[in-house]
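Chemist: Sharing a structure here in structure tokens format.
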Amino acid sequence: MNAEEDPKPADSDSSEECIICLSNLPNCPLDQWDSSSVPASISSTLDGLRIAKIPCGHYFHNHCLESWCRVANTCPLCRTEFLKVDVLEFVKGPWYRAYPVEEKTQSVANAGEPFEDEGSETCRCVICGRSDHAEVLLLCDGCDDAYHTYCLNMDAVPIEEFYCPNCVLLNYQENETLSSRISLSRRGQTRRRRVGAAARASRVSQQQQRAWTRAWNAIRNRAWDALNSDLSYYGMQQERLPARDVSSELLRRRIESARLRSNQLNEPVEQPRVVQTPVTNASEQQAWNDFDEILHANSSVHSVATEATISNPRPSSGRFQQTPIEEHHQQDTRFVNDPNSTSHDRRQKRPTRRHIPCSNKSSGSSTVLGNNSSSKSENSFLASLISNINQPSTSRIDTSFMLSLQHEIKNSHSEASDGTSDVHLTPLFSNLSPRPSHVPLSPREISNDNLDDHLIELSEPGEIVDNHLVNDTSMHQRRTSGRHDLVHSSKKVSYETKYRIERLVNAALKPYYREAKISKDQFALFNKNICRSVYTALSDGTLSLEGPQQHKISKTIREKVVNCIQSLSND
């Protein structure tokens with residue numbers, strides 16, 4: 001009962017955080033909560049420490065949200081508009097009061113102030129595009145275009161009126177047209193009126209041409225200032241950057257906290273996967289039952305073959321082995337001479353096949369030998385095949401199956417080649433090399449250590465080896481040996497960073513290109529090399545766009561551009 005009446009204060013680490021002041025929110029009654037981590041401006045009053053809840057479900061300090069509502073009525077986290085605020089005692093605590101919020105309209109701070117474009121007042125030479133050397137910068141009296149005296153090959157500033165080449169050309173064409181029309185209008189009085197109208201029309205067209213020229217000059221000056229504003233912007237940032245470290249760090253923390261909270265709220269709930277049981281009809285069910293019966297029969301055959309192999313082990317290769325014909329005669333003699341043998345034993349004796357009469361004795365012996373060896377190989381091959389079916393299909397089982405298959409093929413042909421005549425042998429099996437001393441017939445006898453040894457033994461001249469088996473084994477060894485060498489941790493440069501670096505390099509190279517110090521191909525080559533070197537420095541951590549090290553990038557780029565120009569001049 002005491003535990004229910006006096007709840008213990010929760011751990012401050014598990015409490016929520018106010019996104020506005022970045023301090024913990026009380027998750028228990030205020031008299032039991034430690035307010036030392038809250039700023040003094042908030043903890044001075046109980047109403048400021050209370051929790052303000054908005055309709056979107058986010059919690060803030062009431063004091064912080066009141067200050068926020070003076071500017072905007074949107075949630076600081078999800079930007080949802082709200083017109084009402086509920087005040088609680090603590091997070092998920094009892095309701096205390098509520099108050100309305102007025103709808104706020106955001107406005108631009110300097111909307112009433114006129115915008116002054118300083119770049120439009122700058123006069124630049126139409127030919128070279130520069131505004132320096134103002135003492136020799138001439139303004140045309142007709143179209144207000146600016147020209148340097150050295151750009152027009154003039155020795156000094158003219159005292160009388162100055163007209164640009166464009167205006168001179170227009171005036172010449174106008175005078176020529178007027179003179180031709182005046183000469184033609186001398187024939188009559190009516191023609192003179194037409195010449196006056198044509199002259200007025202030409203003057204109007206000339207004025208319109210000059211107006212368009214002024215407009216294009218203003219646009220050109222604005223574009224020039226916009227393209228060359230990056231370097232000056234970084235120079236201004238270099239002076240103001242140390243004073244903004246604290247505020248930028250606080251803003252970064254707020255943005256990161258808001259992002260984490262939004263990810264937690266928008267995290268999708270994983271639904272359990274529904275496993276559908278396949279529906280089978282009567283014919284499919286009967287087929288599966290037949291398949292199970294066949295597998296059961298194969299397992300019984302495998303057990304019988306295993307017992308026979310254990311009771312009658314194969315003699316070693318070092319001992320003397322009898323031929324199948326001698327074994328057959330010995331069994332017949334034993335059953336005939338043994339007085340204790342019964343009729344039941346004679347009925348259980350394995351019947352022998354009658355030999356086909358042949359003129360050659362060796363051919364008959366080889367035929368009997370082939371029959372016996374084929375029966376033995378069929379039994380052992382069937383046993384190994386059933387064991388491979390019962391066991392799971394892995395690379396090790398496939399390897400043992402290929403080894404056993406190779407052994408059985410080689411064993412049958414090697415026994416068949418022991419006869420006196422080689423008439424029935426093909427050239428492929430006549431070149432077979434002697435079989436190894438021991439080849440494992442079961443997948444359990446083959447391990448990862450001696451797998452390569454067996455592959456080497458079986459891959460002798462004249463044998464059939466599965467090339468896919470050898471390739472898979474070598475590929476697996478190379479894959480496991482070089483697995484740790486493929487780990488490569490490299491910091492990639494983002495697309496926005498590359499775009500900013502490329503703009504800085506372009507701005508640094510443009511003056512040299514306009515002065516015809518470098519060609520178009522050299523401009524592209526220097527731009528690519530400098531950008532790649534800066535990308536490498538950013539990846540290595542030598543340069544950085546964060547903190548007070550931003551101004552180093554523009555300085556480094558200017559130095560690299562100067563070095564490239566100097567190397568070009570030296571060459």
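For all residues, glycine too, the Cβ spot is worked out from N, Cα and C.
Because the structure is a prediction, the values reported are computed rather than measured.
Grabbed the feature section from Swiss-Prot, which reads as follows:
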| type | residues | note |
| --- | --- | --- |
| ZN_FING | 18-79 | zinc finger |
| ZN_FING | 122-170 | zinc finger |
| ZN_FING | 125-168 | zinc finger |
| REGION | 305-377 | region 'Disordered' |
| COMPBIAS | 305-324 | compositional bias 'Polar residues' |
| COMPBIAS | 346-356 | compositional bias 'Basic residues' |
| COMPBIAS | 359-377 | compositional bias 'Polar residues' |
Chemist: Which whole number is the mean pLDDT over the zinc finger (122-170)?
Modeler: 84
Chemist: Counting each residue once, how many in the zinc finger (122-170) are helix, strand and coil under DSSP?
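Modeler: Per DSSP, the residues of the zinc finger (122-170) fall into 9 helix, 7 strand, 33 coil.
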Chemist: Using DSSP, what's the helix, strand and coil tally for the zinc finger (18-79)?
Modeler: 19 helix, 8 strand, 35 coil
